[in-house]
Amino acid sequence: MIVPVNECCKLLAVTLLTARDIREIAADIGLRPTKQKGQNFVIDPNTVRSIVTSAKLADHSSVVEVGPGLGSLTLGLLEAGHHVTAVEIDDVLATRLPATVEKYGQTAAAADETANFELVNADALKVTELPTAPDALVANLPYNVAVPVLLHFLEIFPSLTSVLVMVQLEVAERLAAGPGSRTYGVPSVKAQWYGDVTLAGRIGKNVFWPAPNIDSGLVHIDVTRTHRDPEQRRRLFSVVDAAFAQRRKTLRAALATWAGGPQRAEELLRAAGIDPKTRGEALGVDDFERLAAAGAASERGATSMNAAAGATSGNTLTPDDEDTLENPQESAQS
């Protein structure tokens with residue numbers, strides 16, 4: 001459900017939330033953060049400003065924020081002059097957030113100005129449209145769904161040109177890892193297919209409430225892939241999933257099911273210029289793209305051959321057909 005907020009108001013100034021503010025808001029709505037929902041709220045204004053700065057946003061960007069929680073980062077983005085569309089699944093948090101924005105931001109009626117804050121009360125993984133097309137995704141993502149949410153928004157919103165997300169440090173390192181690294185895997189390749197992924201910073205546990213068990217990391221993505229063919233993405237992600245499903249096996253063995261047998265996998269690997277004895281962790285995005293393209297070309301070739309075979313079989317004469325052609329009058333009288 002899309003809930004536009006402050007459609008006739010523009011924030012003139014913003015006061016960021018302190019640790020005391022956050023605890024008071026939580027107490028007021030009876031909130032007890034849970035690990036199951038990945039709820040860890042940033043309580044340090046300086047950290048919030050640092051996150052916004054690390055996002056490297058253009059002036060007056062249209063930002064989508066997933067999991068705004070109590071509003072710390074939301075207010076930081078508004079303070080920097082950006083338009084924010086917040087996506088929140090929790091009904092209690094979604095109900096309170098507009099009041100927090102109004103209380104900590106000085107507003108003025110301006111019917112001729114566009115709203116700079118909108119709220120979408122929905123599951124981020126099911127969101128397929130937003131009231132404002134986003135230029136950037138900036139979020140403290142819930143730890144339990146961070147990678148799925150990131151990939152979902154990159155897939156669904158081609159308007160995105162920049163991403164900065166805060167996730168568990170180990171997830172951040174995995175997303176930014178390169179070929180050959182022990183942390184390089186499926187999330188790395190899929191995220192890097194969209195653009196340049198870099199580790200943008202490390203956030204300590206002490207700036208959160210409640211404090212998580214591990215540190216967090218900032219991941220920045222400069223989205224460079226402007227043309228996103230859904231079928232190309234599906235093929236690429238399919239081969240990536242297969243390559244890492246059995247990480248320690250050679251690609252000849254790991255891709256056997258995907259290709260239709262180990263021998264066929266070897267043929268496709270060689271067609272893509274890849275050693276069949278290589279493992280998936282050694283391939284970069286370009287390598288996987290060549291491999292997916294080889295698989296697609298092979299499928300097209302097989303389809304063409306089958307079509308040709310079908311056409312040929314359709315033109316083959318049976319003995320009865322031959323008799324009919326040789327004795328047309330006999331056939332007509334029968």
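Cβ from N, Cα, C; glycine included.
Caution: TrEMBL annotation is automatic and unverified by curators.
Feature annotation from TrEMBL assigns S-adenosyl-L-methionine binding site to Asn40, Val42, Gly67, Glu88, Asp123, Asn140. Over all protein chains present, the Cβ of Asp123 (S-adenosyl-L-methionine binding site) has 12 other Cβ atoms lying within 10 Å.
According to TrEMBL, the feature domain 'Ribosomal RNA adenine methylase transferase N-terminal' maps to 47-225.
What TrEMBL lists as region 'Disordered' is 297-334.
Within the set of binding-site residues (Asn40, Asn140), the lowest number of other Cβ atoms found within 10 Å of a Cβ is recorded at Asn40. Residues listed for S-adenosyl-L-methionine, Asn40, Val42, Gly67, Glu88, Asp123, Asn140, cover a largest CA to CA span of 21 Å. Residue environment of Val42 (S-adenosyl-L-methionine binding site) contains 24 other Cβ atoms, counted within 10 Å of its Cβ in all protein chains.
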